[in-house]
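Trainee: First, the structure itself, so that you have it in front of you.
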Amino acid sequence: MAIINMSDLDLQGKRVLIREDLNVPVSNGVVTSDARLRASLPTIELALAKGAAVMVMSHLGRPTEGEYNSEFSMQPVVDYLAKALSCTVRLATDYLDGVEVAVGEVVVFENVRFNKGEKKNDEALSKKMAALCDVYVMDAFGTAHRAEASTNGVGLHAPIACAGPLLAQELEALGKALDNPARPLVAIVGGSKVSTKLTVLESLSGIVDQLVVGGGIANTFIAAAGHNVGKSLYEADLIDEAKRLVANAQSRGGDIPVPTDVVVAGEFSPTAAATLKAVNEVADSDMIFDIGPDSAEALAKIIESAGTIVWNGPVGVFEFDQFGEGTKRIAQAIADSKAFSIAGGGDTLAAVDKYDIADKVSYISTGGGAFLEFLEGKELPAVAMLKQRGA
């Protein structure tokens, strides 16, 4: 079943409603990280170039559903888009019963989560949204894993439902990385907890040639290998699970390497003193916050030989520079690699920005949870809806 692409449609004079993922951090009314906004611009610009009257909607943050809260208003996003686009951009706060929008203009709807029924994919709300447009464009890969009114229901009731260029690119890149990858396929999975990424680790361990774990996840694997992890964040109840994943990888001729050296401190703080230790020398009072240089070099070598690289999650607490060298080395190795590389997840994108490698990564995914669910092998509800409407 083919998905209809926005780029193939005649949008002249049409009311086009685009669901983007504009969920960006805002501080004192100003957007502090604009990666998702930048990613959405080509879609909005294409709709304008095709002669459409453009409406854009998104969620921002986690407000109480159905209640207006100025802290989660889309106004800072409107201010950003007004500077980035060469046209009128305005905010519509009361839009469900109809909104005036002219060709060549962009109207941004107030936070979709201010609407009661958004998260439950309420049918009445979905139909009201669908009635606002001639063409609905799903372009928010970051929320494609949620069946909500603005990402799923509206598409079922709109006259035409299609994928925007950003979503189409995401699906193509992920397919290239996982469906028919150039091998060896190396996956780097970081983050704080095994429990949140267990299904990802299980799914990937069956298809990758080499699985690398980092961050708090690695601590559980270090403990599973019989080493002391001191006061580090780890999950004792998942040690057997970690052992099983390692055994599975080894039975396929791969491995999940455990760091040989680590960077530790006595407290979690931006000023904590970093100490390098062999992994078997971690004391009861230590907390592991990064991999050491030997481990980082070993991982860099694995990355150098890869044909395809999937990166989701840092290997240390890179927000603090003294615990960022491991992630920095991984980032450099990915940047230097000739392999097809795809990076996704909020913390990963922050690392890509910090180490300035965005132009060296083949594809940067805007999705967090959606990226993970795709890695788990699940069909995303928004994609299922688009396939249904394209049939």
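Yeah, the Cβs are placed from backbone N, Cα and C, and that goes for glycine too.
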Trainee: Of the candidates Lys197, Lys231, Lys243, which does Swiss-Prot annotate as part of the ATP site that also includes Glu319, Gly345, Gly346, Asp347, Thr348?
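Mentor: Looking through Lys197, Lys231, Lys243, the residue Swiss-Prot assigns to the ATP site is Lys197.
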Trainee: Given that Swiss-Prot annotates Asp21, Leu22, Asn23, Arg36, His59, Leu60, Gly61, Arg62, Arg146 as binding substrate, state which candidate in Arg113, Arg183, Arg244 belongs to that site as well.
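Mentor: Answer, per Swiss-Prot (substrate site with Asp21, Leu22, Asn23, Arg36, His59, Leu60, Gly61, Arg62, Arg146), from Arg113, Arg183, Arg244: Arg113.
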Trainee: Which of the listed binding-site residues (Asp21, Glu319, Asp347) has the least company, meaning the fewest other Cβ atoms within 10 Å of its Cβ?
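Mentor: The binding-site residues Asp21, Glu319, Asp347 were compared, and Glu319 has the fewest Cβ atoms within 10 Å.
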Trainee: I need the nearest neighbour of His59 (substrate binding site) among the binding-site residues Glu319, Gly346, Asp347, Thr348, using C-alpha distances.
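Mentor: Nearest listed residue in space: Gly346.
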Trainee: Give me the largest Cα to Cα distance among Lys197, Glu319, Gly345, Gly346, Asp347, Thr348, the residues the record lists as binding ATP, in Å as a whole number.
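Mentor: With Lys197, Glu319, Gly345, Gly346, Asp347, Thr348 as the binding residues for ATP, the largest Cα distance is 21 Å.
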Trainee: For Gly345 (ATP binding site), which residues of its chain lie six or more apart in sequence with Cβ-Cβ distance below 8 Å?
Mentor: Gly191, Asn312, Gly313, Ser365, Gly367, Gly368, Phe371, Leu372
